[in-house]
Amino acid sequence: MTDPLLEVRGLSRRFAAVDALKDVNFTVAAGEVHALIGPNGAGKTTFIHHLSGALFPDAGKIHFNGSEITRLRMHQRVRAGMARSWQITNVFLGLSALDNVALAVQGRPDAGTSFRFWRPVDREARLFEEARTFLEQVGLGERSGRLAGELSHGEQRALELAMALATRPQLLLLDEPMAGTGPEESARMVELIEHLARHVTILLVEHDMDAVFRLADRISVLVNGQLICTGTPDAVRNDAGVRRAYLGDHL
Amino acid sequence: MAFYRPARWQQTAALVVLAALLALPSLLDVLDQSYYIGFATRVLIFALAASSLNLVLGFGGMVSLGHAAFFGVGAYVAAICQQAGLGEGLLVLPLAMAVAGLFALAVGAVSLRTRGVYFIMITLAFAQMTYYLFVSASLWGGEDGLPVYERLRLGGISLAGDAALFFVVLGALTVTMLLFSRLAQARFGRTIQAIRENETRMEALGYPVLRYRLACFAIGGAVAGLAGALLANLSGLASPNLLQWTQSGTLLVMVIIGGVGYLWGGVVGAVVLLLLEEILLAWFAHWHIVLGLLLLAVVLFAPKGVAALFGRRDD
Amino acid sequence: MTQLFLEQALNGLQFGLMLFLLAAGLTLVFGIMDCINLAHGSLYMVGAYFVAAAAQAADSFWLGLGAGVAGTALLGLLLELSLFRQLYRRDHLAQVLATFALILIANESVRLIWGPAPLLLNPPESLAGPVEIAGFFYPAYRLVIIACGLVVAGLLYLLVAKSRIGMWVRAGAANREMTEALGINVRALFTAVFVFGAGLCALAGGLLGPLLAVQVGMGESVLILAFVVIIIGGIGSIRGALVGALIVGTVDTLGRALLPTLLRATLPADAAATLGPALASILIYLLMAGILFFKPQGLFPARA
């Protein structure tokens with residue numbers, strides 16, 4: 001097997017007297033959709049925050065794409081090829097959908113510096129041409145001129161995906177992309193993620209088990225800050241420990 | 001808050017006002033009211049200083065209560081140069097901007113590590129430190145300040161006449177507003193406004209947020225330094241009072257009255273506040289009570305400022 | 001030299017304790033309500049004026065002090081109910097503007113009522129002279145200030161660390177939403193803290209009145225020192241306020257007294273004469289910058 005794209009070794013973090021994460025070992029292989037599940041309060045969001053650089057661990061190491069990123073700041077990790085979405089929608093409501101994605105394109109190192117003071121950004125056609133392709137990928141091509149604040153909730157979630165994609169990540173961290181979406185929007189989001197998975201490695205944190213079992217190549221289960229099991233959906237479904245700790249009351 | 005987009009009617013209005021201002025010195029001369037040229041110059045200088053704060057506060061989203069420090073440093077740089085016999089504006093003014101900008105860079109490097117209430121207090125504390133430094137610097141006149149005996153020359157032309165200084169200040173303000181308007185629409189402006197709206201999101205798009213914030217803070221400081229240098233030439237004095245934190249408060253009041261984050265907010269605010277002062281002071285010596293009550297009314301009833309009454313920024 | 005040092009150290013302690021009275025109320029307002037209050041210094045000034053005016057009227061310093069503190073607390077109550085309640089929910093910019101407006105109103109009103117000249121406030125006659133401690137003389141009144149400061153600091157510590165109200169206050173500073181969720185009447189708590197802070201301001205203003213001039217603008221310079229104290233100590237922490245206040249008080253006082261002498265010993269005379277006062281006046285700000293660099297949350301952060 002080749003080296004994993006993301007490798008986490010011995011990651012631990014305490015908050016006051018609580019072990020939020022305890023000696024977590026975890027890998028994501030290039031090309032897979034890896035889902036992270038666990039009951040509420042298991043430490044999933046804390047874990048994602050450590051991967052994205054919003055929090056730093058007490059112990060342990062994180063390797064990404066062959067180099068260590070444990071102490072890198074969030075923007076440096078993004079530049080190394082890791083993008084994330086949030087549980088809550090996090091787009092610029094006062095900008096159009098296209099402007100939002102163009103802003104993401106603009107932030108990429110190969111798009112050049114943003115220390116440009118004279119030329120209006122609206123005239124930088126290349127940013128917008130590229131942004132349009134990402135909007136089309138998530139099915140928002142028709143809505144590009146709308147203010148993000150006027151989009152539906154599901155559309156805003158899709159827009160957020162387009163922004164994450166526009167950073168050209170190798171790994172996409174999706175933190176509950178279905179949160180707050182209706183059944184119809186959910187179905188569309190699953191399709192969208194399936195489509196994206198052909199181009200990019202995905203780490204998916206999600207409560208919607210139907211979506212998880214449909215999308216994931218491998219699933220890891222986090223309970224009380226500890227990783228209790230990693231395996232294929234079938235293996236996880238049949239794992240006794242998982243059933244006892246978590247899935248028992250869901251499946 | 002919305003993102004800045006240029007509005008055509010504002011550009012037209014600005015051109016009309018600019019034309020009127022170009023005619024102002026001759027007009028006042030005819031009316032035998034030359035005293036008001038000095039007043040008009042003062043208003044424009046404060047418009048410049050308030051606009052520089054508006055860049056930091058309104059566009060960059062940084063509530064700085066120490067902006068007067070950069071204003072005052074600019075004034076002192078000019079006064080020190082001019083006392084030493086260096087009177088060429090093409091040298092002195094950029095130098096004042098550079099020193100004030102570098103100082104802002106240093107202050108920002110420490111204070112931008114913090115957020116919210118902390119940031120407000122720290123910028124205030126650094127400004128007060130600068131104030132005390134100049135008050136106790138006997139070399140530069142201490143509490144009395146440093147006089148400017150002879151105004152700058154610009155490309156060899158003396159600015160001793162009030163009209164000449166007025167035109168230079170008007171030119172500086174015009175160029176600055178043009179630059180700010182472009183900057184706000186360019187990549188840099190888009191970036192700092194987006195950071196104002198959602199810092200974490202921008203970091204998650206790969207932007208080194210601190211660097212852009214710091215640049216914005218330093219540019220604001222440099223332009224404030226330019227305003228300070230011009231004010232020292234108008235009033236003939238670089239006084240430590242320019243650095244006092246109440247001065248920062250006054251600039252802040254101007255920006256808020258004019259409209260935080262509206263391109264013309266600083267200009268409108270400076271004009272409104274200084275006109276109010278000129279009118280009310282003649283009528284009631286304790287006009288600060290009136291001003292204070294007005295400000296409370298603005299906070300409670302018109303939170304978006306006066307400019308907001310004229311139209312939305314994203315028209 | 002030893003005597004100078006001891007005397008200045010006592011002065012520093014006294015100054016530090018008074019700063020603590022100011023910073024204690026302020027740090028709680030910042031910490032619990034996440035509200036910036038620039039007008040805290042104005043309460044100190046108005047408090048000093050109230051004490052001076054009441055002391056003149058009653059011809060007694062202590063009666064004046066009591067009446068002034070009560071009057072300022074009442075003013076604080078009115079301000080909290082009429083204005084600050086609405087400000088807690090607003091952004092920091094609105095809070096800055098509104099409290100800056102209060103400063104303008106307070107300064108100008110004081111000038112209108114009492115005129116531009118400083119007001120005289122005499123210490124009680126029995127305390128006017130010096131006393132002898134360990135072979136040197138020290139003003140009795142300053143010793144009383146130190147004693148008052150220590151007593152109030154002790155009481156405040158007991159109140160915040162041991163009492164139920166203090167527990168709520170600490171909980172509020174650490175996590176406001178959680179405290180509200182626990183059903184504690186946060187509104188009343190806010191009001192109580194604000195009024196208490198106003199009273200402490202007046203106490204400090206009244207006690208310092210005989211040493212400094214009671215005049216317009218006295219609040220602003222002290223306000224910024226209180227800010228430095230809070231930045232050093234950490235927002236919302238009473239312990240941080242005490243430690244910060246003592247650090248600022250002693251470093252500032254000793255710096256001003258000793259630094260010029262030290263510099264004269266090491267530098268040429270004219271360089272020392274220019275550098276000494278300048279360096280002494282910015283010493284605490286340099287200290288603040290240094291602490292911030294290593295601990296951006298201050299020495300005792302209330303929020304984890």
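One-based numbering along the chain as shown.
Keep in mind that glycine also has a Cβ here, set from the backbone N, Cα and C atoms.
If you look up TrEMBL, you'll see C:12-31, C:38-55, C:61-81, C:93-114, C:140-160, C:181-205, C:211-233, C:240-259, C:271-294 marked as transmembrane segment.
Counting C-beta pairs under 8 angstroms (sequence separation of 6 or more), the transmembrane segment (C:240-259) fails to reach the transmembrane segment (C:181-205), with fewer than 3 such pairs. Sequence-remote contacts of a segment are chain residues at least 6 beyond its ends whose Cβ falls under 8 Å from one of its Cβ atoms, and for the transmembrane segment (C:181-205) they are 18-19, 21-22, 24-26, 28-29, 32-33, 40, 43-51, 65, 68-73, 75-77, 79-81, 84-85, 88, 148, 152, 165, 168-169, 171-172, 214, 218. Here the transmembrane segment (C:93-114) does not touch the transmembrane segment (C:271-294). Their Cβ atoms form fewer than 3 pairs under 8 Å, with each pair 6 or more residues apart. Within its own chain, the transmembrane segment (C:211-233) is flanked in space by residues 19-20, 22-23, 26-27, 30, 38, 40-46, 48-49, 52, 103, 106-107, 110-111, 116-121, 141-142, 145, 205, 239-245, 247-248, 252, 284-285, 287-288, 291-292, 298-300, which lie at least six positions past its ends and keep a Cβ under 8 Å from the stretch. For the transmembrane segment (C:12-31), the residues of the chain that approach it from at least six positions outside its boundaries are 37, 40-41, 44, 142, 145-146, 148-150, 152-153, 156, 169, 172-173, 193-194, 196-198, 200-201, 203-204, 207-208, 222-223, 225-227, 229-230, 233, 235-238, 240-242, 244-254, 302, judged by C-beta separation under 8 angstroms. Residues 39, 43, 46-48, 50-55, 102, 121-124, 190-191, 194-199, 201-203, 205-207, 210 of the same chain sit 6 or more residues outside the transmembrane segment (C:61-81) yet have a Cβ under 8 Å from a Cβ within it.
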